[in-house]
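Enquirer: Feature annotation from Swiss-Prot assigns Ca(2+) 1 binding site to ASP51, ASP53, SER55, PHE57, GLU59, GLU62. Residues or ranges marked as Ca(2+) 2 binding site in Swiss-Prot: ASP90, ASP92, ASP94, MET96, GLU101. For 38-73, the entry in Swiss-Prot reads domain 'EF-hand 1'. The domain 'EF-hand 2' annotation in Swiss-Prot covers 77-108 and is backed by sequence analysis. The N-acetylalanine annotation in Swiss-Prot covers ALA1 and is backed by experimental evidence.
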Amino acid sequence: ACAHLCKEADLKTALEACKAADSFNFKTFFHTLGFASKXXDDVKKXXXVLDQDASGFLEVEELKLFLQNFCPKXXXLTDAETKAFLKAGDADGDGMLGLDEFAVLVKQ
């Protein structure tokens, strides 16, 4: 669903780097894909694609399946990875990432 937002070689490198359990690092992942240099509107579009239920937020289950949006064969994030990902971006502490929070997280 999100593979079209980045170069195939960059995606392969990013997915390979987080193949092992508990190896996902959102900063490294987004940097490898070049998301940090994209316009905020483009980043929000990516988050809207990740927002499977169109709630305007990325909830825990959507974050857990984050990598599968880039490659269906990718593993789900572990509970620890999901929790760290959420904690890093959840500025208002509501237990979800809003699209604005996601955009800020990607740009870190």
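Glycine too: its Cβ is placed from the backbone N, Cα and C atoms.
Could you tell me the structural context for the features on the list?
Expert: Around the Cβ of GLU62 (Ca(2+) 1 binding site), 19 further Cβ atoms fall within 10 Å across all displayed protein chains. GLU62 (Ca(2+) 1 binding site) falls within a helical segment according to DSSP.
The Cβ of ASP90 (Ca(2+) 2 binding site) lies under 8 Å from the Cβ of MET96, LEU97, GLU101, each on the same chain and at least six residues away in sequence.
Counting residues per DSSP class in helix, strand and coil order gives 20 helix, 2 strand, 14 coil for the domain 'EF-hand 1' (38-73).
Within its own chain, the domain 'EF-hand 2' (77-108) has Cβ neighbours under 8 Å at 21-22, 24, 26-27, 30, 35-36, 38, 40, 43-44, 46-48, 50-51, 56-60, 63-67, counting only residues six or more beyond its boundaries.
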Enquirer: Going by DSSP, give the three-state secondary structure for ASP92 (Ca(2+) 2 binding site).
Expert: coil
Enquirer: With a radius of 8 angstroms around the mean position of the C-beta atoms of ASP51, ASP53, SER55, PHE57, GLU59, GLU62, what other residues of the same chain does the Ca(2+) 1 site pick up?
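Expert: Close Cβ neighbours, site residues excluded: GLN52, ALA54, GLY56, LEU58, MET96.
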Enquirer: For the Ca(2+) 2 site given as ASP90, ASP92, ASP94, MET96, GLU101, which other residues of the same chain have their Cβ within 8 Å of the site's Cβ centre?
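Expert: Sorted by sequence, the hits are PHE57, GLY89, ALA91, GLY93, GLY95, LEU97, GLY98.
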